[in-house]
């Protein structure tokens with residue numbers, strides 16, 4: 001009688017990845033071979049394979065694929081290579097379409113493979129393997145077994161970064177039960193919610209316990225996406241003395257303080273701490289610590305929020321040193337996308353000497369700022385404040401450059417704002433400078449200068465308006481055929497003042 005050799009086809013995920021299962025299975029497998037299926041070394045390969053059950057599903061079309069899972073070598077070998085009598089290796093070329101159909105049907109699931117174990121042994125072997133791995137074994141037709149893949153997510157812990165005790169329900173625990181674990185709990189998505197609720201209704205002793213655990217890690221927790229909410233809650237309920245300790249811990253390292261303020265979550269926690277500062281000493285300590293980082297904070301969206309809170313809620317004296325640092329670096333801040341907004345807030349919420357210093361620095365750099373994509377907004381903002389002395393100083397700084405600025409994409413906005421926000425004597429001075437410029441005719445056809453001409457027409461009166469009207473009449477023929485010139489003519493059409 002020919003003995004059959006049990007043959008285990010490869011599983012979708014190697015059992016070596018699961019050491020306990022592999023060890024048990026290997027022992028069982030070797031035992032089974034020794035007892036029932038000793039392989040005679042003189043036995044031919046053909047006879048060894050002859051006992052294998054290679055039956056397929058009878059209800060599928062004939063695929064021509066009678067054994068194995070791989071292709072034959074190439075070309076004629078696919079048709080002619082046989083092992084034994086009537087057992088082909090690989091698909092029959094003539095029935096390739098049927099093979100592809102059956103392959104798709106049988107292998108449509110990525111995690112399903114078909115066993116080629118002898119039917120007498122495959123069930124027993126793989127059932128033992130499955131039970132060792134904790135898997136269930138569904139059976140198919142003709143005793144062929146659909147072997148499930150080994151789900152590593154069930155065998156391994158997907159949340160290895162979380163302490164094992166965080167997987168237990170927390171509702172039945174008190175803050176005292178979690179002593180020594182509060183920092184890790186605060187960083188957990190669900191643990192932070194539990195802590196917030198617990199701290200809100202905690203006794204003084206429990207609040208003290210929470211405070212003592214988090215105080216040494218408060219800077220780290222403030223920047224954490226979950227723990228920052230716990231810090232905010234502790235700041236709400238703790239005593240004045242404890243709040244003072246949190247402040248001292250936060251400002252201990254000035255670089256670390258700026259880093260926290262630049263963080264989305266840290267900025268929120270710092271704002272909550274600022275809301276609870278009650279003494280002048282606390283405010284002075286914080287502003288002294290944060291002022292050296294004024295430039296970095298002004299140029300960052302999160303840092304800008306912290307600055308805005310300080311400007312709105314603290315006195316001019318408290319903000320004096322901070323505003324001095326901003327004034328010393330106003331050009332660098334003004335040409336930044338976020339910095340230009342921060343500088344505008346500084347102008348709006350400052351008074352006295354600090355405000356005058358900001359004006360001086362901005363006006364000194366007005367020409368360069370007017371041509372910058374962000375700096376021009378700062379210059380326009382000064383004009384919108386309509387402070388006569390400041391406006392006059394700014395216009396004097398720009399004098400002699402109005403024509404060139406009018407041809408600049410950003411500078412033209414500043415010139416228009418000068419015309420619209422200034423008093424009549426000042427606007428007259430600007431328009432006269434434009435009319436005397438050798439490039440005045442170019443402004444009529446310029447993609448940006450034409451807007452300046454239209455604004456000048458809107459605010460001019462008397463001889464200045466007549467001079468602009470004569471300029472347009474002299475260049476009317478060329479303006480009719482130019483797209484930007486037509487926009488200037490349209491201004492006259494709307495007011496029905498041009499009759500040609």
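Placement of Cβ uses the backbone N, Cα and C atoms for every residue, glycine included.
A mean pLDDT of 90 is what the model gives for the domain 'PUM-HD' (151-496). According to TrEMBL, the domain 'PUM-HD' annotation covers 151-496.
For 177-212 (among others), the entry in TrEMBL reads repeat 'Pumilio'.
Proximity of distant same-chain residues to the repeat 'Pumilio' (213-248), defined by a Cβ-Cβ separation under 8 Å and at least 6 residues beyond the stretch ends, is recorded for 179-180, 182-183, 186-189, 191-192, 195-196, 199-200, 202, 207, 256, 259-260, 263, 265-266, 268-270, 272-273, 276-278, 282, 285-286. Annotation source TrEMBL lists repeat 'Pumilio' at 213-248 (among others).
Per TrEMBL, the feature repeat 'Pumilio' maps to 250-288 (among others). When the repeat 'Pumilio' (250-288) is classified with DSSP, helix, strand and coil residues number 32 helix, 0 strand, 7 coil.
Using a Cβ-Cβ cut-off under 8 Å and counting only residues 6 or more beyond its ends in the same chain, the repeat 'Pumilio' (289-324) has close neighbours at 251, 254-255, 257-258, 261-264, 266-267, 270-271, 274, 283, 332-333, 336, 338-339, 341-343, 345-346, 348-355, 357-358. Residues or ranges marked as repeat 'Pumilio' by TrEMBL: 289-324 (among others).
Beyond its flanks by at least six residues, the repeat 'Pumilio' (361-396) meets 327-328, 330-331, 334-337, 339-340, 343-344, 347, 405, 408, 410-411, 413-414, 417-418, 421-423, 426, 429-430 of its own chain at Cβ-Cβ distances under 8 Å. What TrEMBL lists as repeat 'Pumilio' is 361-396 (among others).
Taken from TrEMBL, the feature repeat 'Pumilio' applies to 397-433 (among others). Same-chain neighbours of the repeat 'Pumilio' (397-433): 363-364, 366-367, 370-373, 375-376, 379-380, 383-384, 386, 388, 391, 439-440, 442-443, 446, 448-449, 451-452, 455-456, 458-461, 464, 467-468, counting only residues six or more beyond its ends whose CB sits under 8 Å from a CB of the stretch.
When DSSP labels each residue, the repeat 'Pumilio' (177-212) comes out as 28 helix, 0 strand, 8 coil, counted as helix, strand and coil in that order.
Same-chain neighbours of the repeat 'Pumilio' (250-288): 218-219, 222-225, 228, 231-232, 235-236, 240, 243-244, 296-297, 300, 302-303, 305-306, 309-310, 313-314, 318-319, 321-322, counting only residues six or more beyond its ends whose CB sits under 8 Å from a CB of the stretch.
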